[in-house]
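Participant: Questions regarding the structure given below will be posed in turn.
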Amino acid sequence: MNQPVSLIGAPTDVGAGTRGSSMGPEALRVANIGPVLASHDLDVADRGNLSGPPNPNLPPVDGYRHLAEVQAWNIAVHDAVYAELALGRRPILLGGDHCLGIGSISAVARYCREQNRKLRILWLDAHADFNTQTLTPSGNLHGMPVACLCGHGPKELVEIGGHVPAISPKWVRQIGIRSVDQGEKRFVHEMDLEVFDMRYIDEMGMRHTMEIALATLDANTHLHVSFDVDFLDAEVAPGVGTTVRGGPTYREAQLCMEMIADTGRLGSLDVMELNPALDVRNKTAEVAVDLIESLFGKSTLMRTRP
Ligand SMILES: [Mn+2]
């Protein structure tokens, strides 16, 4: 029997510029995420939705929009994700915007620290999400979670996991990146983040990219995947607030997910930024569920596994 999984809905868009990702968890359920995972010999528990403050839709204050609301939601996410890990289950966070990666990944990092496990984070996204107060053009906190996790951000967010910084940039592999602000790009270089941008994927292929991103995992490594749906090409996944053309095709994304599944190390997952208000007949939710199914063992392999 595979390690059981728990679905945690976090219906909020307080960290985003465009509203609607608050409806993401329900759209993923409508696309049958629970039964689809259960069909792969998985014990799936749906914990329902977390609750938190509404979106006040206000301009930035000191470079941040909705800092108090983002903090409240991330604390709720942190506690829920940590509770599932402590039960020996694999949390799947249904976002919600990507600011919630702070709560989710700080919980995973805390659990790994306590268990003496190594952590590898795959950040699948069109964006580096490495903005700060001074670099951000918008103040939207969904553009800052990786920086916050690495200790660069407001103390209300960087201290959520009880350890600052929550993670080391060395644990992160970013894949699919193709839209980064100028100052943000400098900061990514400064912090020496390992980025597999679209140019790299085009030149080297998804297979090579994933081989490098997954290299040196061992039996004591917890693998966390933070899947921003805007990772996918906008043609495949129109239902996100920040679509960027030129992303991975369906087949590239499928290979990416299958290679992650092949490691047998997936310990937790975020599915973020799905925005049903911008979707077409829930097709982006269905594509997301299909790719998540690949992450948990659906394989296109006919020949025996290499
Ligand atoms: Mn993101």
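A Cβ is built for glycine as well, from the same backbone N, Cα and C atoms used for every other residue.
Copying in the features that TrEMBL gives for the protein in this structure:
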BINDING   H98, D125, H127, D129, D228, D230  Mn(2+) binding site
Participant: According to DSSP, which kind of secondary structure is H98 (Mn(2+) binding site) found in, if we only use helix, strand and coil?
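Facilitator: Looking at the DSSP assignment, H98 (Mn(2+) binding site) belongs to a helix.
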Participant: Out of H98, H127, which of the binding-site residues has the smallest number of neighbouring Cβ atoms within 10 Å?
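Facilitator: Each of the binding-site residues H98, H127 was scored; lowest Cβ tally within 10 Å is H127.
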Participant: Using an 8 Å cut-off from the Cβ centroid of H98, D125, H127, D129, D228, D230, can you name the remaining same-chain residues around the Mn(2+) site, in sequence order?
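Facilitator: For the Mn(2+) site, the extra neighbours are W123, A126, H142, F231, T242, M272, E273.
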Participant: According to DSSP, does D230 (Mn(2+) binding site) sit in a helix, a strand, or coil?
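Facilitator: SS state of D230 (Mn(2+) binding site) = helix.
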